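What follows is a single structure, written as structure tokens, with notes after it.
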Amino acid sequence: MTTELRALRPVEWDAWYDNLLRTFSVVEAAGERDLYRELTETDRGLGVWDGDQPVATAGLFSFRMTVPGGALVPSAGVTMVSVAPTHRRRGLLRALMRRQLDDVRENGEPLAVLTASEPEIYGRFGYGLASREMGATIDLGRVSLDVPEGADDIRLRLTHDPASVSEACEELYGRLVPLRPGMLERRPGWERLPLLDPEAKREGASPLRCVTAERNGELVGYARYAVKPAWDDHEVPRATVLLRDLEAVDPAAHGALWRYLFSLDLASTLRLTARPLDDPWLHMVSNPRRCAPYWNDGLFVRPVDVGAALAARTYAAPVDVVFEVEDAFCPWNTGRWRLSGDAKGAQCAPTRDAADLALTVRELGAAYLGGVPLSALAGAGRVRELRTGGGALREASTAFRSDVEPWLPHGF
Ligand SMILES: CC(=O)SCCNC(=O)CCNC(=O)[C@H](O)C(C)(C)COP(=O)(O)OP(=O)(O)OC[C@H]1O[C@@H](n2cnc3c(N)ncnc32)[C@H](O)[C@@H]1OP(=O)(O)O
């Protein structure tokens, strides 16, 4: 087999995308191809060709991601990775990852990020699981909600045309981006993604609708959802409310929107996916157990330039530690790095000083957004204390934590 790994040419996009669809065995729905064609940064696409046939794909998005402290840091979003079943397990993914991370480094992005089809794939390339997301199946008949003061002052409006209020919702979303690590600044065109609602993928649910929350005429929150109607054998209504996304700027706005979703007529279940671990509704419900919360993996983070990545965020407490970093896939990161920082800023540079903590770049990626404690990774043997007399783990672990759980509200 002779194959060629090279950059994607714009005219090849459809065949390249078809390889992705075939590999994922997904049925294409109306609107998806046009949207992804528009969103794809063709000049950052890679593929492997066997003759004139694409047999592997990988893409990058030029995102900026919020890190602890609120800075937006250039982060390459790895996407559309596929290897045709005829060509799997011959090293094509590894070759694509090699070329991609070299390109990201050359492009000066300190981080690469991704969401994984299967979590076990990307650790070997230095990606660590940095954010988790929560799902829940809430038994509306058994769970009540105690909403905060001010919820009654919120005016809710329902629209069956979410696009008609999208601009205002996007403006609100933009205000929230700097407040939570892991959120991605919207790039042009991405506002269409949360509105994508092909009939073929609804599985009996209604079209998407949007409820907006206003206080004194100003938008303070919104929720997009669909309802899947159902009636049991005794004609009892048992609809399921499927929440697509919800954003709100303060407790009262959250309260009003969650109360709305918890009390829709004819519904017996509210299903949530991809919510942040610290979602406010968890602390408003009478019975969290009957909400069956669970968590799943969210965003994987890979420091591509360890020094620049660690210096780009701030730290919850003063920290001055030397990390002994091992990075087998990107050896330019391997070595000792001194990180000194606090809540105002940080510096990180190579050093010859004695190391305080040893870890691989994957653990640095996992801890980077502040959601995974270094101490928990140390408990699993993945971070080792080297400082004589100890104390470095506690110092670094405290400093890395974020007050707000990292979260990626949407896939890419
Ligand atoms: C960010 C995203 O786009 S996520 C989407 C990823 N794509 C998919 O899941 C689509 C379906 N699967 C595929 O297309 C392919 O099987 C891929 C892309 C996952 C793997 O491609 P391959 O070319 O077969 O991988 P490759 O041969 O380079 O393997 C590299 C290593 O990863 C391992 N690996 C590859 N796929 C998997 C997997 N699904 N689960 C666990 N390990 C895996 C290989 O065993 C190999 O291990 P090694 O480092 O010990 O040698």
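Each Cβ is built from the backbone N, Cα and C atoms, and glycine gets one as well.
Straight from TrEMBL, the features:
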type	residues	note
DOMAIN	3-161	domain 'N-acetyltransferase'
BINDING	V81, S82, V83, R89, R90, G91, L92, L93, R94, S117, E118	acetyl-CoA binding site
ACT_SITE	Y122	active site, proton donor
ACT_SITE	F412	active site, proton acceptor
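Rounded to a whole number, the C-alpha distance linking V81 (acetyl-CoA binding site) with Y122 (active site, proton donor) is 11 angstrom. With all protein chains in the displayed structure included, the most crowded Cβ environment within 10 Å among the binding-site residues R90, R94 is that of R90.
A Cα-Cα distance of 18 Å separates V83 (acetyl-CoA binding site) from F412 (active site, proton acceptor). All chains included, 21 other C-beta atoms sit within 10 angstroms of the C-beta of V83 (acetyl-CoA binding site). Binding-site extent for acetyl-CoA: residues V81, S82, V83, R89, R90, G91, L92, L93, R94, S117, E118, maximum pairwise Cα distance 19 Å (rounded to the nearest whole number).
Spatially close to F412 (active site, proton acceptor) yet at least six residues away along the chain are F61, F63, G77, T79, T115, L184, judged by Cβ distances under 8 angstroms. Confidence annotation: the domain 'N-acetyltransferase' (3-161) carries a mean pLDDT of 97 in the model. In the three-state DSSP reading, V81 (acetyl-CoA binding site) counts as strand. Note: the CA-CA distance between R90 (acetyl-CoA binding site) and Y122 (active site, proton donor) rounds to 16 Å.
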